[in-house]
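Quick look at what TrEMBL lists:
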- HIS477: active site, proton donor (ACT_SITE)
- HIS477, ASN478, SER479, THR480, HIS481, ASP518, ASP646, GLN698: AMP binding site (BINDING)
- HIS481, HIS517, ASP518, ASP646: Zn(2+) 1 binding site (BINDING)
- 270-281: compositional bias 'Basic and acidic residues' (COMPBIAS)
- 284-294: compositional bias 'Low complexity' (COMPBIAS)
- 134-204: domain 'PAS' (DOMAIN)
- 401-740: domain 'PDEase' (DOMAIN)
- 264-305: region 'Disordered' (REGION)
Amino acid sequence: QVLLVFAEEDEQSNGFRWACDKAGFRCNLARTPQSALECFLDKHHDIIIIDHRHSRYFDAEALCRSIRTTKASENTVIICVVQRHTDREESSILPLISAGFTRRYVENSSRMACYNELIQLEFGQVQAQFKLRACNSLFTALEKSQEAIEITSEDHVIQYVNPAFETMMGYQIGELIEKELTEVPINEKKADFLDTINSCIKIGKEWQGMYYAKKKNGDSIQQNVKILPVIGQGGKIRHYVSISRLCNDNNKVEKTCECIQAESQTDTQTCRHKDMRKGSLDVRSTTSRGSDGSSQRRRSSMARVHSMTIEAPITKVINIINAAQESSPMPVAEALDRALEILRTTELYSPQLGTKDEDPHTSDLVGGLMTDGLRRLSGNEYILSAKQTHQVAGSLSSPISLNDIPPRITQAMENEEQWDFDIFELEAATHKRPLVYLGLKIFARFGICEFLNCSESTLRSWLQVIEANYHSSNSYHNSTHSADVLHATAYFLSKERVKQTLDPIDEVAALIAATVHDVDHPGRTNSFLCNAGSELAILYNDTAVLESHHAALAFQLTTRDGKCNIFKNMERNEYRTLRQVIIDMVLATEMTKHFEHVNKFVNSINKPLAALEENGNNGDGESIKTVLRSPENRILIKRMLIKCADISNPCRPREQCIEWAGRISEEYFAQTDEERRQGLPVVMPVFDRNTCSIPKSQLSFIDYFIIDMFDAWDAFADLPNLMEHLNNNIKYWKGLDGRNLRVLRPPP
């Protein structure tokens, strides 16, 4: 809302009225100081524009002072319109600031000039005032909170403490404000301990542990404290936040002390990374106290929340734990508190890096593969396949027949049912077109055409279309990788435990998903596409960008032409079921959900099966069948199957493992090169072709992503040969790293 205070109508006032209409702002016009003050007290405008050009009508500065004396003006932007003087020196703006004006506007009756001024105010001062209003509500909560709260600056100067904190520490109102922490009694015996805390928080980490503080009277109190840093201007720590639980001699929690300190402190015991707030509050500029009515409304709102009948499973779990706490001894209650804190986080399945966060290879791999990138830091646009013309059936050469495969290719595929099958030999024999040939053979072995009720020629056309839409220019994400994943998928499907679990439609879905899972991959990670503002990232809202594209494009390519539509003869409901399974499996290859899929598999399948075996029910087919055949667990098994197939390179024979390591490294090197050329954030800095240690990067990837996943998959599917290869490859990479070699192979 805008209030215009002009004694007379003129071009300037008309310009602002027009600008208000164009901007969609509600506008009031006052002619006298009295009517202006009355209107403001009634409407509480966000912007007031006062005419200061003609002092004979009213005293603009006096009116501004009058408005500023009202409580309602605390967050109001007041503009002073002054005359334009071209024949004398610029006058000082300080008298206007002293009177309470926010800024001045040199008269310009141009409608667009008035409009631009209002828009700049809206997105500048007005928006800032909105944030300060929100701060008032936050500080109302702090003031009324029974928790003790303290705010200190980056220089350890106390900026704010709430009444609960003053009461707990034995201070009077205002005694602590502007004091440095060094002026407040501390436990002298804990100097080294304080150094430990500071060394942790000053690098932007959270600290948590037991801490002894001194009250004003010198009494020592024990607190369970969590201290966090708050990042402010310049990306530096500007405030510190601590959350404390006050303990008595029996270590019983009496109440919570929540401190927001201007220094960040990370848990030296857990040393976990936390996202830092990107802003900080100037607590000296705003403080307010809530009313009893507002606290009653808050209690009423919370009561309605607790009475809701729609409960998610996690809510039920939290409620059960809360109820158990009431009758539990203190150590158990505190342990349950920590469990609740973990359950309330958003990333329940992604492990904290812990000691591994000191390894830049692990950090970069996690950042590059498990995040959707930083926000855009440049105006560059990365345009890829969204505008490409994708290959369709009609543009390809006539498909070959399974019976017409050349002898060399037939020989290369002789042992395709074995894990040690060499995909690179087939790649060479087919001139980088292994997917069509291997697909024909594997799909024939599994009877895919019979299940889909499609002809072999349709299947051949489909395989050709899919392979044509893989980028042969990619060193890693090309059709050879797709063929490799298809081979691994078929191998896993042949394992006895997997065959017991999955239906024919699951097998068909798995083989098709493996074939299309990276179609049209640009050779860049999701993080890169999000940072570059690519069309695909915009289309898929920076979420599972590539995986969503692979699944969507696969069905577009398949259904747009009857010559390659392998689904065209399926019954509608069966097609919808098959389509859903394929999409789910392709999306499961996205790495941000890696640990969620692995942990769910372990908890829902590995552990129940192990428990049955330990209880002597190994031969109880019904119990095992119950675990394996539940719809939820079949989904987990299919996701785990394609995930293991997708990143099985470290479990391949050594020469294949080395070749794949070289190819993925080259693709990451090329991405780093392009990020630097385009001025984009470099999401995996260790993958610099001039400095990267490939053995270290492989060991980090294996340690963080592979070992736990394949231990779980091996326990389920029984894969001793894969685990032997994995152990041998780990020894190989460790041998190179131990010699400080950064290359794929040792020198001759």
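Using the three backbone atoms N, Cα and C, a Cβ is placed for every residue, glycine included.
Not measured: the values here are computed from a predicted model.
Neighbour counts were taken at the CB atom with a 10 A radius for the recorded positions HIS477, HIS481, HIS517; the maximum falls on HIS517. Cα to Cα, SER479 (AMP binding site) and HIS517 (Zn(2+) 1 binding site) are separated by 10 Å.
Put simply, HIS517 (Zn(2+) 1 binding site) is 11 Å from ASN478 (AMP binding site) when counted between their Cα atoms. The residues near the Zn(2+) 1 site, meaning same-chain residues not in HIS481, HIS517, ASP518, ASP646 whose C-beta sits within 8 angstroms of the mean position of the site's C-beta atoms, are HIS477, SER482, VAL485, ALA514, HIS521, THR589, in sequence order.
Only ASP646, of the binding-site residues THR480, ASP646, GLN698, have a C-alpha within 10 angstroms of the C-alpha of HIS517 (Zn(2+) 1 binding site). HIS477 (active site, proton donor) and ASP518 (AMP binding site) are 7 Å apart (CA-CA, integer value). Calculated from their C-alpha atoms, the gap between HIS477 (active site, proton donor) and GLN698 (AMP binding site) amounts to 17 Å. Averaged over the domain 'PDEase' (401-740), the predicted model has a pLDDT of 94.
Across HIS477, ASN478, SER479, THR480, HIS481, ASP518, ASP646, GLN698, which the record gives as binding AMP, the greatest C-alpha separation is 22 Å. Of all Cβ atoms in the protein chains displayed, 24 besides its own lie within 10 Å of the Cβ of ASP518 (AMP binding site). Of the listed binding-site residues, namely ASN478, SER479, THR480, GLN698, the sparsest CB environment within 10 A is found at ASN478.
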